[in-house]
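> First the structure, which I've put down as C-alpha cells, then a few questions once you've had a look.
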C-alpha cells in the first residue's frame, strides 16, 4: 500500500511533467508553423526547389552544371568540384563556391582557388580537365 505522503509529491510531479510536455509541444508547433509560413511566402524557395519527382527526372549532367557541354566524366567533375569545395572551406564564403563553379570552372575565381590552395604545380592538369568537361 502506498502512503499518502509519497502519493502527494508524486502526483504533483506527474501533473508538472504533463504541463511542461504540453507547453513544449506547443512551442514546437509554433516554431513549425513559423517555418512553414516562411517557406510558403518565400518565392525563391518555391521556385528554386523542384519537387521530389522532378528532381529524380533530372539528367545527371543537369545536377552538376548546365554550362558544361563537354564530356561527362564523373571523376573529372569530382576533381574540379573538390577545388571549389576546398576553396570554400578556406574562405567560408558561399559566393566563393558558387563563383568557382560558374561557366563550367572557366573563370578567374577557379584559377585563384588553384593558386590559393597551392595547386599551381598541377595547373595544366586542371586546365585540361576544364577543357574536357567544358567544350
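Every residue gets a Cβ built from N, Cα and C, even glycine.
Feature annotation from Swiss-Prot assigns signal peptide to 1-26. As annotated by Swiss-Prot, disulfide bond applies to 68-104, 84-100, 87-113. What Swiss-Prot lists as valine amide is 133.
Let's see these features in context: how buried, what's close, how far.
Secondary structure at residue 104 (disulfide bond), taken from DSSP and collapsed to helix, strand or coil, is coil.
Counting every protein chain shown, 20 other Cβ atoms lie within 10 Å of the Cβ of residue 84 (disulfide bond).
For residue 113 (disulfide bond), other Cβ atoms within 10 Å of its Cβ number 25.
Its Cβ taken as reference, residue 133 (valine amide) is surrounded by 24 other Cβ atoms within 10 Å in the chains shown.
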> Per DSSP, residue 113 (disulfide bond) is which: helix, strand or coil?
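Residue 113 (disulfide bond) sits in a helix per DSSP.
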> Quick one: pull the CA-CA distance for residue 133 (valine amide) versus residue 68 (disulfide bond), whole Å only.
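Checking the Cα atoms of residue 133 (valine amide) and residue 68 (disulfide bond) gives a distance of 6 Å.
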